[in-house]
Structure formats: C-alpha cells, structure tokens
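Swiss-Prot annotations:
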type     : residues                          : note
ACT_SITE : 334                               : active site, proton acceptor
ACT_SITE : 335                               : active site, proton acceptor
BINDING  : 136, 198, 221                     : NAD(+) binding site
BINDING  : 244, 266, 269, 335, 368, 422, 427 : substrate binding site
BINDING  : 266, 269, 368, 427                : Zn(2+) binding site
C-alpha cells in the first residue's frame, strides 16, 4: 500500500476519488469507455429503450447475452423460493435468520421513533408507505443474500405493500439458493431472474411479467447505477452507489492486526474498492502495511486484493487527531472505523460518514452482516448529503392543511396581498371567497 506523510499530501490524494463513471467529465468518461470497450451511458440508454419497446422479450434476450442464461420465464415461483430455504446448509439458514432478526429489530426501533414523531405532528402530516418497491441484488458469478436482508427488511418494516426483487441468474438459469432463502426469510413478494440495466428498466417501466414499481433500491455495477440514474424521475431511487470504501482512523493504541484485517476485508470486495487508513502513528502505519503485504498473498481473492491495494489503497500519517478527523469529514466515507483510544468521544466531531464503527470489536464486517443497520450506505462522498438505507426510504409524507373560521381572515388577508404582489389575481380571488 502507498504510505504518505502529512495532512496536505493526504488531502490531495483523498480528493482524487474514483467516481465510478457517473460523475466523470467527458475526458474521463472517454477513458472509461475505452477501458470497458463500450460507452456505458450509451449502452444503458439503448438497453432502456429496448425494454420499453419490447418488454419481456428484450429482458430475456439481454439475460442470454450478458448472463449467458437461456431462460424462458423470468419469475421464480413461490414454491421454488420456499424450497431453497430448505436446501441451504442449516448453519447458513440460522445465520441468515439471526441477521434478519437484528436488521428487523433495528428498523422496528427506527419505525417506532418515526411514528412517534408523526403523532406529535397529528393533524399536520400523514405518513404513507410506498405501495410497490423494486430491490436490485447483485448476482451472477457471486451471490449476496445479506443484501436481500439489508434492503427488503427495512421496506417490510416500513409497511410497503409489495416487494419485488430482481437479481441476475447464473449461467444455469438459476438464482443461487442462499439468495432465494434470504428472500423467503425477509418476506419478499416476488423474485425475478434478471439483472443489469435491463432489470432496472423493467422495474421502472414495467413489462408483462415484471410490475412497475415506485422506487428502486440496491447496489450494482456501473451499468446498474447509470440505469438507476437514467430512470430517476420515472421512479424514485435510493441513490447512486459507487465502489465500496472504508476509512480507518487509528492512533498509537490501535491493534495493528485489527486494522490490517479490516483493510484486507475491504480490498476483497473488488478491484475498485478503497481501503484507507489515517493514523497519527508512523510506527503503526508500518506495522499495518507489513501485515497487509504478508497476508494478502495467502487470501483466496489475492489478485483482487492486490489490485485494490495497489490502485486505491492508502495509509496516511498525520500529526494529530484534529487533522485525522478533518480528513475523515472531507472524504465522507461509506464506512468509518474509529480504532482510537476513547473512541466514543470523537463521535460528536464526525459530520460525514455512511456508518461509524467505534470500539475495538466493531469490525466493518459486523455491519456488513449482523449489526442491524442496513449495509446499503452512501459512497463516493455522497455521505455529505445522504443517509444509509432505512425505513424513511420507503415512506412518504403528505402534508395536511386545515384553516379554521377564526384563522381565515388573518391568513387570507396575507394570502391576498402576496398573490397580488405576484400578479396572480385568481389566487387572490380564491382566498377572498373563503373570507366572505
């Protein structure tokens, strides 16, 4: 990993974050298109257009083209979903159930807090769950049952009427049993074997098989993300997720093995993942780097890890915790790990992060699977203005206005004055009628 010293060099290096293609200028976009062999935005727009015109037929054709899966139907039957729950190892099934319990409890607690606030606003505002939500779960060569739980359960707790899940099938045309088992545990209503931009388009516009949804949530590759960006406005989306990232703040008291294990876990995600550590200890920086370099070669995904560390890994050594926290807030990371003495005292100084892990035992991996909050977090600096996926993503607020006879004269007079100042005489007349 690259080790740099000093606040200014670290700030400059961290500001060069890869935006994964959806915030790039024309030159950067051209470079990305050359690397991928296709202009991703043009490809996505073409796919969306095909889905709008041809529906299921186009979805099936793209599933064959991109996933090499020759399937004749998109929907997975309820019987297949239930059957999958009995096919996976008992230990995995119990682990998924425990994770589901944790996620459900966390979001139920949040729901109670939100509904309590709504009671205070009684007569002023209504809360209504979205009717139908589409969840995108990455798949194909790998499978992510944890993402099913982390997206479906908050939607379920919020009261969404119908939860639709899309995920790419393998080359055999099937969705992995752990993914289906997680859908069963989470209470997903329908599952469709399709992925990529074509699945996003199908959710946004609807096909004969796949119903149109009100909102699309869940992470994916650059094509999925650009498709979500393109259909925003037709439907709502949770955000534009880029490559996964962690920033570890560590002082001289930090356990070097813990720091190294979290860095390796982050690098294991994919070659675009960003494992970052900012420390006040040059000695710790060297120890952590030595451990990472030694262990990386023995990991199952060593090639991915090494490329991630080479291209995006960084250890920055700064003078004090003030500088470290300033860098953390500037970077606005997806995962922020506080491996420092008395870590709780620094929580009030963190303004921008998707999720904060403090205390030695709070590994990011716990948040990935079993801590309770959703692991669907803002990335690429969007933690400066957005939040983790939660029940508020699956409800909407409706304001209520009622004006009493006692209020209408005072309020109406002001309304008439403002309406006439804006040159809207009919507005003024409507207010005057209520004042008669």
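Positions of Cβ are set from backbone N, Cα and C atoms, glycine also.
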Problem set entry | CB contacts for residue 335 (active site, proton acceptor) [other CB atoms within 10 A, all chains] | 28
Problem set entry | Fewest-neighbour residue among binding-site residues, criterion Cβ within 10 Å, set 269, 427 | 427
For this session: Mind computing the max CA-CA distance among 244, 266, 269, 335, 368, 422, 427, which the record assigns to substrate binding, rounded to whole Å?
Result: 58
Exercise. How many Å lie between the Cα of residue 136 (NAD(+) binding site) and the Cα of residue 422 (substrate binding site)?
Worked result: 46
Exercise. Going by DSSP, is residue 221 (NAD(+) binding site) part of a helix, a strand, or coil?
Worked result: coil
Problem set entry | Between residue 198 (NAD(+) binding site) and residue 334 (active site, proton acceptor): CA-CA distance (Å) | 27
Problem set entry | residue 221 (NAD(+) binding site) CB neighbourhood, other CB atoms within 10 A | 20
Problem set entry | Nearest of the recorded positions (198, 221, 335) to residue 427 (substrate binding site) - Cα to Cα | 198
Seminar exercise, completed: Among the recorded positions listed as 198, 221, 335, the Cα nearest the Cα of residue 244 (substrate binding site) belongs to 335
Exercise. Beyond 136, 198, 221, what residues of that chain have CB atoms within 8 A of the centre of the NAD(+) site's CB atoms?
Worked result: 138, 166, 168, 195, 196, 197, 199, 200, 220, 223, 224, 227
Problem set entry | residue 221 (NAD(+) binding site) versus residue 266 (substrate binding site) - Cα distance in angstrom | 17
